[in-house]
Each structure stands twice: as structure tokens, then as C-alpha cells.
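What Swiss-Prot annotates here:
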- Asp40, 62-64, 93-102, Tyr229, Arg247: substrate binding site (BINDING)
- Lys95: active site, proton donor (ACT_SITE)
Amino acid sequence: MSSKSQLTYGARASKHPNPLAKRLFEIAEAKKTNVTVSADVTTTRELLDLADRLGPYIAVIKTHIDILTDFSVDTINGLNVLAQKHNFLIFEDRKFIDIGNTVQKQYHGGALRISEWAHIINCSVLPGEGIVEALAQTASAQDFPYGPERGLLVLAEMTSKGSLATGEYTKASVDYARKYKNFVMGFVSTRALTEVQSDVSSASEDEDFVVFTTGVNLSSKGDKLGQQYQTPASAIGRGADFIIAGRGIYAAPDPVEAAQRYQKEGWEAYMARVCGKS
């Protein structure tokens, strides 16, 4: 599997075949940030406050919308307004994992109305190829109003201790991503997946999957529930294009200062990589 991680975000944006990935790289280049903040708060007020305060320093805000105790249309409207104001994308970390017919209804419709506001979603391929096919099918339907403004990340690896997302599971993640590359924009993984040998050999010259790495924290190596952290520099050095930081930012004494620090360290690591110094 090829990697274009040595290229700048601007260069990747100029040739990227996926419209949403292209937009994401353009945002990163314009704002000089590769930070995704995981805003794991439990009220709409907290979520929108964080989005507004941290918006200038991030490329993406990641939500777990089902942990909000007061989710409503005001949540959706507020997020959309702030995404436009600060030029960031919204990633709903739903981790879809069910049969195709069910995930189609969970994504486009249902109580959370995810397709209406989340630019990016993710899924596990544990149920098999059908889950990726179903989500891609929904996004490409003629009556789906959001089209190229939506994209999927395949959950290829996890940072939790003892994760079973390894080996054949990760290989299947790459296979399905290649097969449905019009909707799959990349992976959530702990590294670039260049060494994974895919059975789908139809990789085009413009193949350029985006890598998001979770579990980035400057002040901790892990938690009591098995989470294992790495630094922005180590994540970028292993092939991450975008780093995902949660408690290290939103639970800091000064979340804005923390976001700025992650932005600085993430950007410096990226510049070192594209300049051949990583």
C-alpha cells in the first residue's frame, strides 16, 4: 500500500481524488494545524463552548454525540455554525458496527441525524464488507443530499491495550477501503499502513488514504482503562496525518493553551517529516 506522507498537505490536496479529503488537507494547510480534538463532554453547552474556543486551532472536531445528555436540533445547528465560522470539519466517532441495513438507518435518519451534520464518520469492519458497502451505497444514492461532503474512515487499529484490531482484521480494513475508495477517505490507525499487503491490487497512482491516529497526549502515557498514549511527534513520525487528542486538551487547566501547544508540536512534526528530518 502506497503512502504520500512525505508530501505537503497542499500538494496532496491539489491531486486528491476524494473531495472531502481534499478539503481537509486545504483546511490543514490554511490553518497550519493537524489537530483533531476529541470533545468528549456531556452537554451541548460544553460542546459548543469548546468548539468555539478551540476552533481556530484545529482541523477537525471529533464528537461522541450519543454521550450528550441534551442532544437536540440546537446541537446540530450550533456545530454547523461554528464549523463554518472557524473552518473545521466534524467527525462523529460513531464506530458503526452492525449489518448493512441497520447502519444505513443509523447513519441517514434515526434520532441522531448523523448524515445531516457529520462530515466524517467511521466504522469497524468486524461485520464484514457489507458494512462499508452499505454506508458507501447510502452516500452515493441519488436522493442523498450531501454527496461529496461526506466521507468514511475505516477503524483499522485501536490504541487500547489488548486490542484485537490487528493482523487479518487490519488487512481486511485496507481491502475494503480500496474497494470503496470513492467514500472511504482513510483510516483510524496507530501508524501508516504501508506494510499491509492487500488482496485488492487495483491501487491507482492517486491513491492517498488519510491516517488519523488517536490516543495523543503530551502529559500521560495511559489511563487505568487500558488507553495507551503517544506524543504528537511520535504519532506523526509513524505516519499519522492528523492527530486526535482528547483529555490532553479539553481536560487541561487551559484548553485553549493546550490546543495551541498540540497545534505547534503537531505542525512541527509534520514539517520535519515533509522536509525529511523525521
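Yeah, the Cβs are placed from backbone N, Cα and C, and that goes for glycine too.
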Reading the DSSP string in three states, the entry for Asp93 (substrate binding site) is strand
Same chain, 6+ residues apart, C-beta under 8 Å of the C-beta of Ile97 (substrate binding site), given in sequence order:
Val103, Cys123, Ser124, Leu126, Pro127, Ile131
In sequence order, which residues at least six apart in the same chain have a CB under 8 Å from the CB of Asp40 (substrate binding site)?
His64, Ile67, Gly246, Arg247, Tyr250
Need the DSSP three-state call for Thr63 (substrate binding site) to compare against my parser.
strand
Within 10 Å of the Cβ of Thr63 (substrate binding site), how many other Cβ atoms are there?
25
